[in-house]
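Everything on this sheet refers to the single structure shown next.
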Amino acid sequence: MRQRDVRTWTILVSYFARVGSDGVVLELFKDMQNKGVVPNQFTLSSVLKCCSSLSELRIGKGVHGWILRNGITLDVVLENSLLDFYVKCKDLGSAKCLFELMEERNSVTWNILIGTHLNTGDVDKAVDMFRKLRIKDVTSWNIIIDGAMRNRFKRIALELLYEMVKHGTFLNEVTFSIALVLAASLLDLELGKQIHAAVFRMGIHVDDFIRNSLIDMYCKCGRMELSLKVLKKMDMDFGRKENSIVEIISWSSIISGFIRNGQFEDAFKTFTSMVRKEIEVDRSIITSIISGCANCGVLELGQQVHALFHKTGHKVDAHLGSSLIDMYAKCGNLDDAQMIFKQTSDRNVVLWTSMISGCAIHGQGREVVQQFESIISEGIKPNEVTFIGVLTACSHAGLIEEGCRYFRLMKEVYGFKPEVEHFTCMVDLYGRVGLLDEAKKFIHENGIHQMSAVWRSLLSSCRLHKDIEMAEWVCEKLLHLEPLDAGPYILLSNICTTKQRWEEAAEVRSLMQSRGVKKNPGQSWIEIKNQVHAFVVGDRSHPRKDEIYAYLDKLIKRLREIGYLSDTKNVMQDVEEEQGEMVLAFHSEKLAAAYGIISTSSQKRIRIMKNLRICNDCHNFMKYTSQLLGREIIVRDIRRFHHFKHGYCSCGEFW
DNA sequence: CTAGGGTTAG
């Protein structure tokens, strides 16, 4: 009788454990105890698993105590369950005690330990332990490959994968799923296609995980058409998995893919059609949409989505919080970004990094340094992106010493190899304050002269500090490294012209022409009542062009009265257009500003976006306008924000 | 019927 009771309970428990109803399992366990039914090892393992996925350290410990008190035999399976439970609930002390007392250990035991090292980021230890395993089963390989990849040891992960194939271990669907994620993160389309062919041959392309990994791999490799093809073909062959987690995840991948590829319209369209078709929109999709809004600067849509999400009563998690912070910061509302940051309770590295990068592009250097110190004191490990934010902040605020210190910290303490972005920040750090020779020295010392980005950064600094000699020299470098970039040609020919070296100027121009180099036309846009209005220099296509030009004319006259002078003589002018006061007066950002002023109430901030850097004259224009009209103007150019208020700019003349 | 591994968003 009693025996049958236990069997019935066990079947119930294992069923609910399998479908993931952890709460029900714990309830059943309580019932068993109340009724005096003694659970067997099967039940106990399931219960422990539920405790770890619910992070119920207390309940699990209770189970452990109960096992010891009731003299239940601790076989290796049950001990492994306990071990895994302690590890997952981050009670490493108890895990260690238990491990040392274990008489029998099998491959599962070692796999749990390897997984633990990988979760705490200790890849070396994990690999070391993996190498020493006498018996490596598929799961051991899967764990180490996946863990190495998650810790961004991508090359090692790939090497291990090849080694696994050579070793002759049978690859299962989990291996392929991991391999597809790896191919995606390496942006290795060829590898991805090979895996696609292999899973197809094995007939495991119907596996939900594989299906989504395939879709996501094509998205990440920028091949949206292939991704959509996989999705449609699967729906056709196996029927749509309506509103299942599988379907939501695949659409989530597609939307984020569109956004990554800059196809914002497609992303927004897919989003609205999902809403219309009542396909569930989960938080990952919302997160992607918000980050799309951040990247194309449509604040109003983003705010609407944010409000909608807020109304449904969901809490903002670290993922969504980061993208909201990013959006508000990139759209110029640093205050809102900071508010989101304060309201988000689980702060991880990415959330911190979003906040740091947000402050950095707004020029809040000191603030960033403080934040960075508090990250470290909170025990959060910064990543490579965090350092980009910190270094950007230092360079924008002229904090040379701090910048150098953090660059060293990154290399020496955290062991991150600097990438182009970090080097560019460093060159900027020196160049921005006028230490042009130091910047040059830095480039040579670090052996990064083949990176065009660092030279472009140096060129900007030459322009800022009006060092014509060095600018000329840097232009020559860039002409070789980046023959299709129009900027250096134009600047170089301007320099030659000023020095009356007409022939050279003509040579540069014709070289540019023969190489088919096209200028990137300067463009500014402003969002008014959910509508984006774009302007190019001297634009006459806007329906209210007459009003705009008339107002701009009037405004410039009034600005002159309070001291604004058009800066027409500057050879080092940004490259948007030809020189000349008339053209300068109609730069796209001025047109956008004029339109913003005449079409909104006098309280509202003006937010303008521009695809190039703002030029010196426009920068002055904005300062005087903010003073004259008492209005805040925010210009987001390709590099950073300029926050104009009472005649001053937040960039402190560094840009 | 029990232990270890896989899919999306910043």
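Glycine is no exception: its Cβ is also placed from the backbone N, Cα and C atoms.
Feature annotations, courtesy of TrEMBL:
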type	residues	note
REPEAT	A:5-39	repeat 'PPR'
REPEAT	A:106-140	repeat 'PPR'
REPEAT	A:207-237	repeat 'PPR'
REPEAT	A:247-281	repeat 'PPR'
REPEAT	A:348-382	repeat 'PPR'
DOMAIN	A:563-655	domain 'DYW'
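Remote same-chain residues near the repeat 'PPR' (A:348-382) are listed as 121, 318-319, 321-323, 325-326, 328-330, 334, 337-338, 341, 388-390, 392-394, 396-399, 402, 406, 414, 640-641, 643, 650-652, 654 (criterion: CB distance under 8 Å, separation of at least six residues from the stretch ends). Per-class residue totals from DSSP over the repeat 'PPR' (A:106-140), listed helix then strand then coil: 26 helix, 0 strand, 9 coil. Counting only same-chain residues 6+ beyond the ends of the repeat 'PPR' (A:5-39), those with a CB under 8 A from a CB of the stretch are 46-47, 49-51, 53-54, 56, 59, 63, 66, 70.
Mean pLDDT of the predicted structure over the repeat 'PPR' (A:5-39): 84. Helix, strand and coil residue tallies for the repeat 'PPR' (A:207-237), in that order: 27 helix, 0 strand, 4 coil [DSSP]. Within the domain 'DYW' (A:563-655), the DSSP-based counts of helix, strand and coil residues read 31 helix, 16 strand, 46 coil. Residues of the repeat 'PPR' (A:247-281) grouped by DSSP class, helix first, strand second and coil last, total 27 helix, 0 strand, 8 coil.
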